[in-house]
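Annotation source Swiss-Prot lists active site, proton acceptor at 22, citing sequence analysis. Positions annotated as active site, proton donor by Swiss-Prot: 99. Annotation source Swiss-Prot lists substrate binding site at 73, 79, 86, 100, 101, 110. If you look up Swiss-Prot, you'll see 17 marked as site 'Transition state stabilizer', on the strength of sequence analysis.
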C-alpha cells in the first residue's frame, strides 16, 4: 500500500511563517513523523510539495494507478482553485484534506474550500496532528477499497 502526501503553497516555510497560526514545527519534522507512522503501519509513503498549482495537479495525475490514497494540504489553493478541485475529482484514489489551523476560526474567506466537496473528508485545526490523523484516515480508506467487493462496494 502506498500513500501520497501533497503540500501546497508556502508549506515549505512551516516553522517560520506565521508561527502564531501554524506553529513552529517544520515540514521536514512533519514528514519524519509521518514516515515513522507509515512504517509502523507497514505502508509506503511519498511526499511532494510545490508552490505552483500546475505542479500539484501534475503530481496528482502522475499518481493515478500508483498510489492507494492521498493526504493533501492544498494551502490557500483549497479556497479557490477549481483546477486543483477538478484534479482531485479525476483521480482514481481517495484523498483526505488537512489543514494545520482551524480554517473555520479564521478569516471568512478561509471558511470554504472548493476541494472539500471532492475529497473523502477534511481535518483541520490540530496542528501537525492534522497530518497524522489524515494519514490514519487515508490508510483506512485504502484498506477499505482493497477489501471492497469488485461489484461496486463503497470506496470511502
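Glycine is treated like the rest: Cβ placed from N, Cα and C.
Reported as a whole number, the C-alpha separation between residue 99 (active site, proton donor) and residue 73 (substrate binding site) equals 6 Å. Annotation note: residue 73 (substrate binding site) sits in a strand segment as assigned by DSSP. Note on residue 100 (substrate binding site): other Cβ atoms within 10 Å of its Cβ, all shown chains, come to 23. Fewest other C-beta atoms within 10 Å: among the recorded positions 17, 79, 99, that description fits 17. Among the binding-site residues 73, 79, 86, 100, not one has a Cα within 10 Å of the Cα of residue 17 (site 'Transition state stabilizer'). Least crowded of the binding-site residues (73, 101), judged by neighbouring Cβ atoms within 10 Å of its own Cβ: 101. Around residue 86 (substrate binding site), there are no C-beta neighbours below 8 angstroms that are at least 6 residues distant in the chain.
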